[in-house]
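The domain 'Release factor glutamine methyltransferase N-terminal' annotation in TrEMBL covers 6-76. The feature domain 'Methyltransferase small' is assigned by TrEMBL to 116-194. Look at TrEMBL and you will find Asp146, Asn190 tagged as S-adenosyl-L-methionine binding site. TrEMBL lists Asn190, Pro191, Pro192, Tyr193 with the feature substrate binding site.
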Amino acid sequence: MSTRRQAILEAVALLRAQNVPSPLYDARELLAFALRTDVMTMRMHSGEVLTPEQQQVFDSYIEQRCKRMPLQYITGRQAFMGLDISVRPGVLIPRQDTESVCEYAMGCADKLEIDQPHILDLCCGSGCIGVVMAVQLPKARVTCADIDPSCIEMAKANALKCGVSDLMRFAQGDLWEAVQGETFDLIVSNPPYIPRSQIPHLQKEVRDFEPELALNGGSDGFDFYHRIIEQAAQHLAPGGYLVLEAGDGQADLLCRMLRQAGFQNVENFPDLSGNLRGCAGQWKNTAE
């Protein structure tokens, strides 16, 4: 049988042959996952020989990754804003870019100066945004909404895992149908925004494994933005904020759409790479 080091090298060669991005990183992560340990501990004992059972499990993970199944779907987890978010096939994998959306939204929550703000994570997917908001703002009342029941189930599991299930509620429905008659102080959304024509050209991990329902934003990528912005005012308290994640090149047009809809203090904001990643606006106060 192979040592841990040898198993890694063999796996890297297999992954590289299939043009898998970051083959060394993935091989280390998958071996650590197979051994039920962390990468650092595994590397400290890299000369240890794998048992037949460990080798078999590791080989099965590498086989899945060679087929370009996302690493996160194999391990069932993704780090997000310091939390260990569970994911599975059928639920969009949280991106690092979305952390910038969370951080901006938390800044909006601070500006509200409300002791118990009512927050909506619309198109919640795994619930990563809503769970982070509940963890960071324990007095807030957070609602996660999504059309997909598997996403609602996953969001509930993540809320329980992160110890905030008592601070959250979950609603299934098509956008605003999930929260009819409700108003919020802060609405955050990472809706589908990839133009339909671009989906066949996405990385295999995304195109072949992640749910198209969470990706397809219609012909120009703006279908959901139009639907969200058109009815947002009916669900925002006076002075409330709408924060939207944006795809590449979409933020400026989103800002124009928000201004045209009557939002004030509209601005875009960047992600950690400096790319414009979102747009936000504040709904006018009734006194104005």
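Note that Cβ sites are derived from N, Cα and C of the backbone, with glycine treated the same way.
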Legend entry - Neighbour count (Cβ, 10 Å) for Pro191 (substrate binding site): 21
Inset, instruction - Specify all same-chain residues, apart from the site residues Asn190, Pro191, Pro192, Tyr193, whose Cβ lies within 8 angstroms of the center of the Cβ atoms of the substrate site, ordered by sequence. - result: Cys123, Ser189, Ile194, Ala214, Gly217, Phe224, Tyr225, Glu245, Gly247
Inset, instruction - May I ask for the distance between Tyr193 (substrate binding site) and Asp146 (S-adenosyl-L-methionine binding site), taken between their Cα atoms and rounded to an integer number of Å? - result: 15
Inset, instruction - Using all protein chains in view, find how many other C-beta atoms are within 10 Å of the C-beta of Asn190 (S-adenosyl-L-methionine binding site). - result: 27
Inset, instruction - Quick one: of Asp146, Pro192, Tyr193, which of the binding-site residues has the smallest count of other CB atoms within 10 A? - result: Pro192
Inset, instruction - Would you kindly give the Cα-Cα distance separating Asp146 (S-adenosyl-L-methionine binding site) and Pro191 (substrate binding site), rounded to the nearest Å? - result: 10
Legend entry - C-alpha spacing of Pro192 (substrate binding site) relative to Asp146 (S-adenosyl-L-methionine binding site), in angstrom: 12
